[in-house]
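Annotated features, as they stand in TrEMBL:
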- 3-140: domain 'Nucleoside diphosphate kinase-like' (DOMAIN)
- Lys11, Phe59, Arg87, Thr93, Arg104, Asn114: ATP binding site (BINDING)
- His117: active site, pros-phosphohistidine intermediate (ACT_SITE)
Amino acid sequence: MATNRTFTMIKPDAFAAGNAGAILKMIEEAGFKVVAMKATKLTPELAGKFYEVHQARPFYADLCAYMSSGPIFAAILEKDNAVEDFRKLIGATNPADAAEGTIRKIFATSIEANAVHGSDSDENAAIEGNFFFNQAERVL
Ligand code: RTP
Ligand code: MG
């Protein structure tokens, strides 16, 4: 059964461009509740660990450099059918393929600098939330 939580990051490009507030507004207006959130900055090592599933891909080194290039927001979101509904809200990885009205269509500037992350399964949502937030930070 689908759980009601997912994990997101507002990525360095969107944070640096001052789009975090507008993106969070879209997330809230789509019915997601923020139940944990922090501003932070990944080291290249932490970015590499977070995205280690992609370590054999040609874009992995660039991805780790980009994801550690500046501050991000990390957040746990709550809503029915959270993982699937959030992936719909953010749109396709490549903004050129993202549907009109999706966060990536509006804010992403390239397939890499694509504004937001969204977990791809309930299992990964839990793993990724635990990567950033300890128990005391997940009391809600
Ligand atoms: P995410 O994990 O960040 O939510 O993105 P996603 O599921 O839509 O895409 P995924 O395949 O998991 O890729 C992770 C991130 O790597 C960057 N990427 N660059 N240069 C490229 O061809 C390329 N492909 C992917 C993007 O930042 C993508 O979100
Ligand atoms: Mg992914």
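Positions of Cβ are set from backbone N, Cα and C atoms, glycine also.
Sequence-distant contacts of Phe59 (ATP binding site), defined as residues of its own chain at least six apart whose C-beta falls under 8 angstroms from its C-beta, comprise Glu112. Mapped onto DSSP helix, strand and coil, the domain 'Nucleoside diphosphate kinase-like' (3-140) counts 65 helix, 24 strand, 49 coil. Within 10 Å of the C-beta atom of Arg104 (ATP binding site) sit 24 other C-beta atoms, taking all shown protein chains into account. Its Cβ taken as reference, Thr93 (ATP binding site) is surrounded by 13 other Cβ atoms within 10 Å in the chains shown. Neighbour counts were taken at the CB atom with a 10 A radius for the recorded positions Lys11, Arg87, Asn114, His117; the maximum falls on Lys11.
Our reading of the ATP binding annotation (Lys11, Phe59, Arg87, Thr93, Arg104, Asn114) yields a largest Cα to Cα distance of 21 angstrom. The separation of His117 (active site, pros-phosphohistidine intermediate) from Thr93 (ATP binding site), Cα to Cα, is 9 Å.
Filtering Arg87, Arg104, Asn114 by Cβ distance to ligand 1 (under 6 A) retains the following binding-site residues: Asn114.
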